[in-house]
Amino acid sequence: QSLFQIKSITMRMWWFITTLVITAFTCNSPSYAYDNNPLQDICVAVNDSKAAVFVNGKICKDPKLATANDFFASGFNVSGNAVPGFGFATKTADLNNMPGLNTLGLFFGRIDLEPQRLAPLHTHPRATELITILEGTIYAGFLVPNPANFFKSRLFSKVLNPGDVFVIPKGLIHFQYNVGNRKATYFAIFNSQNPGFVIIPNSIFASNPPISDDVLAKGFMLNKTEIAVLRKKFS
């Protein structure tokens, strides 16, 4: 090969390596891990369903029209609405009742669990969750995949009492179970204004349209009769 060809190949390799390094650093930057940083001091959400602007979040109110009430929510001294069939109640501070949260990357909730009841296996695909116990005793845990064997996972769990704090990493399957004989209450804060909430068993067995019986039977190593029972339980 000529000297010119060698230099040309070397230059192309240099550009490829440079691009690869820049891409790797960009994709692993903390700014890409969670909600984007706000581009203004405040961005109060507008709940106008007729608005013709679609953004990653809500469109913003003119800052001159914002008031203190946009950044305020009350009523977290009492429990919220019960979730039928699960034995827990939730109350949240989100864009619907606290529009000043828009672009701030936060979501807040109060959860009340009846004795021996469970916040079932679920994930928050867009947020890390930090919980602090106000009342009662809660057994909480999350599952981390085993990188050496993807058919296995590791459980991180603690029994939590009032004043205890526990963090659940973003997107991991987790649970909170009231192991006491009286109501348990905890606050949860998320680092996304829209953390998402995916209940694992219901998502699988009560999807619409339903997942094929063959897929579920083979995936869970069950027969179709057992799959039908599970569908009925979680529908």
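Using N, Cα and C of the backbone, Cβ positions are placed for all residues, glycine too.
Taken straight from TrEMBL:
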- HIS122, HIS124, GLU129, HIS174: Mn(2+) binding site (BINDING)
- HIS124, GLU129: oxalate binding site (BINDING)
- CYS43-CYS60: disulfide bond (DISULFID)
- 74-228: domain 'Cupin type-1' (DOMAIN)
- 1-33: signal peptide (SIGNAL)
Cβ-Cβ distance under 8 Å, sequence separation of 6 or more, same chain as CYS43 (disulfide bond); the residues meeting this, in order, are GLY57, LYS58, CYS60, LYS61, ASN102, THR103
Averaged over the domain 'Cupin type-1' (74-228), the pLDDT of the predicted model comes to 96
What residues, ordered by sequence, lie under 8 A Cβ-to-Cβ from HIS124 (Mn(2+) binding site) and sit at least six positions away in the same chain?
-> ILE168, LYS170, GLY171, PHE190, SER192, PRO195, GLY196, PHE197, VAL198
So around the Mn(2+) site, HIS122, HIS124, GLU129, HIS174 aside, which residues have their CB within 8 A of the centroid of those CB atoms?
-> THR123, PHE142, ILE168, LEU172, ILE173, PRO195, PHE197
